[in-house]
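Here's the structure, in structure tokens; my notes come after.
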Ligand SMILES: O=C(CO)COP(=O)(O)O
Ligand SMILES: O=C[C@H](O)COP(=O)(O)O
Ligand SMILES: [Zn+2]
Ligand SMILES: [Zn+2]
């Protein structure tokens, strides 16, 4: 049994309270390997931003759970070594069972998501409450994120064709009965680099897809029902066209690439949205740089020579997000 305090980590409680009051959002960046973690820590230390390190089930399968949590422990020491002690949360992304949440909590996670959004409402309440009861009864309070509403697209092998927007009438009951610390909602975002089908979008003069606006009306309704309660947005990559173009230029494909416009993410960050999840943008940044190195330096076969530039680009991107989109820079 390892407590997150021993790893130098914090839960989301205080971070969300400050983000709510200060009208910004905490970045939640996924990591699966060393280079992603280096980029995240470097970017957040240099911008003095708190950060949520997210580990998915897929990451645990890919990288090994023991390695990942020890990397997170290393991240807290690394941040100090870089010269600034930022608050770091280790968070389970899309936990799908009580057993998995318990395993993570007992191995040092400071926060977990229990994603019962695909279950019938009462089952979602029951499962989420079980996780909350366990998390909150630890010696050191572990925070829990629940979810209401289903994002369109792929999520943990579950494919939903359409958005099922969060029902504002349900949120008060859900939060009261489960005791969750934050709530992920569905207002039109989705996972991956193709967030809308072309027929849901219009095109601008350059032929670039312009997505429909997020349902800020639903978000506002939720804020009215849950004043001051931290809201989470998944699927919030903006899918920068510069990276899509580089990927295409060097032989890759990102069909129908379209993300959430930054302006809408800024608006969300200034609202009750306290946590914004970003993974796909980082994948695009790294892939763009790796493809470029492979194409321009075909004889290079030292992984550091292509993973290094990919890492540096990722750091640049996350610094930009903290400074210019989420507003978390300078808040650590
Ligand atoms: O929600 C996410 C992780 O939980 C990531 O979303 P993106 O695919 O938009 O980056
Ligand atoms: O929610 C999705 C995150 O981007 C994690 O993705 P993953 O399940 O492929 O690791
Ligand atoms: Zn979900
Ligand atoms: Zn997600």
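Every residue, even glycine, has its Cβ placed from backbone N, Cα and C.
Zn(2+) 1 binding, as stated in TrEMBL, involves 94, 191; the candidate among 136, 234 given for that site is 234.
Contact annotation for binding-site residues (115, 147, 234) versus ligand 4: 234, each with CB under 6 Å from a ligand atom. Note: residue 147 (Zn(2+) 2 binding site) has non-local neighbours 113, 114, 115, 116, 117, 124, 183, 184, 185, 186, 232, 234, i.e. same-chain residues 6+ apart with C-beta under 8 A of its own C-beta. Proximity of the binding-site residues 115, 147, 191 to ligand 2, judged by a Cβ distance under 6 angstroms to any of its atoms, singles out 191 in sequence order. Spacing of residue 191 (Zn(2+) 1 binding site) relative to residue 93 (active site, proton donor) is 13 Å (Cα to Cα, whole number). Of all the binding-site residues listed here (94, 191, 234), it is 191 whose C-beta has the fewest other C-beta atoms within 10 angstroms. The Cβ of residue 93 (active site, proton donor) lies under 8 Å from the Cβ of 28, 30, 54, 55, 56, 59, 113, 277, each of which sits 6+ residues away along the same chain. Among the binding-site residues 115, 147, 191, the residues whose Cβ sits under 6 Å from any atom of ligand 1 are 191.
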